[in-house]
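Novice: Input: one structure, supplied below.
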């Protein structure tokens, strides 16, 4: 049998969304297999009578044709995701000549791509991958530091900070799961993960979906806690925290387990990194979308409550300062509630893929960093505790120096005597006592 087939090109494009779209690398391999199956159905004698045999050109399968015949095909499925929503499907043709197949006309780039000739999809996805790698790495470092700080100081152990800590953990797990997933699926540039069926690969995807879903639910818990705190007069925080923990970690466990069981029985193909079955995918996406929309409603409700409180006669300040505080509070709430996710919550998975990639993966990867900065590093209680610890360390250091000088008088400086040391120690102790009540009350919080 006469077959023309160019070498498989190195398209290792990154379809990295949580949503259900198949990677371009896998689309090419699937179309290549289809082409080979079609070629095998034709006998070699049929190709000998024709001038141009079957050919796979790395993008499209071209059927055998006689000399002088033109073959017209649609743009490859690979390019469907890159075409504009209003763009019509282009046509590509090749002529069968005595010298073989002609070059495609018009060219794939001119007909099938919606961007100009200088833009390449692999470069675009590589840029997005680099962006979210930096974002998740930054978030991972900042969130880990924030967790150490909140765990280290006992005075910061309260229900509000416990909820913050669970949210930080969910962001940390999300970043780790992304790195693990990329390590498994895209270990090498030409990684062939399209037909992987290993249990380990599927387990990685289950872990990835669980971490992402838990992150959304702890964003929801943050919104629910703040709203309840503003509405309820008597609020048993410790009892509520028990239920918050069950919802935050338990609900994703149930949903992901149900999805994994259904996927195993009804759509057990590949590494579970694609989600062509929309009904199964909504087992995970449905609760996530619901949590996003409920959080949006809570966000609106909290803004209304803040407006009412800021307009109260008990709150001083002119109209401009009131709006300034309202704007500040609103900006603080947006990353905590994940309000930005509502932009693409109900849009189809195949619409605005480029914007979705940049928004959800590029900008979303820095959300953990923003949350850690706003609700730990800029937190008044945290700053007060760090200052108190620093002053305590300074006092202990003076004690150590004084004891050393008593044991070794010859080491003492002639300009620093015992009275000076006691004076410095007394001043430091006074500062600590004065800062203690402030540390208990200072906090970056919403105006009430």
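Keep in mind that glycine also has a Cβ here, set from the backbone N, Cα and C atoms.
Taken from TrEMBL, the feature signal peptide covers 1-23. Residues annotated as domain 'G-protein coupled receptors family 2 profile 1' in TrEMBL: 34-116. As annotated by TrEMBL, domain 'G-protein coupled receptors family 2 profile 2' applies to 128-379. Sequence annotations record features per position, and here TrEMBL assigns transmembrane segment to 130-150, 162-180, 216-235, 242-262, 282-306, 326-346, 358-378. Under the heading region 'Disordered', TrEMBL lists 428-448.
Give me the local environment of each listed feature.
Specialist: Along the domain 'G-protein coupled receptors family 2 profile 2' (128-379), the predicted structure has mean pLDDT 83.
Only residues 6 or more beyond the boundaries of the transmembrane segment (216-235), in the same chain, are considered here, and those with a CB under 8 A from a CB of the stretch are 159-160, 163-164, 166-167, 170, 244, 247-249, 251-252, 287-288, 291-292, 294-295, 298-299, 301-302, 305, 333, 336-338, 341, 446, 448.
Panel annotation: around the transmembrane segment (242-262), residues 163, 166, 170, 202, 206, 209-210, 213-214, 217-218, 220-221, 224-225, 280, 283-284, 287 of the same chain, lying at least six beyond its termini, place a Cβ under 8 Å from a Cβ of the stretch.
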Novice: Is the transmembrane segment (130-150) packed against any residues at least 6 beyond its ends, judged by a Cβ distance under 8 Å, and which are they?
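Specialist: Counting only partners 6 or more residues beyond its ends, the transmembrane segment (130-150) has Cβ contacts under 8 Å with 16, 156-157, 161, 164-165, 168-169, 171-172, 174-176, 178-179, 182, 358, 361-369, 371-373, 375-377, 382, 386.
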Novice: Which residues of the chain, 6 or more past the ends of the transmembrane segment (162-180), have a CB below 8 A from one of its CBs?
Specialist: 132-133, 136-137, 139-140, 143-144, 146-147, 150-151, 204, 207-208, 210-212, 214-215, 217-219, 221-222, 225, 241, 244-245, 248-249, 365, 367-368, 371-372, 375-376
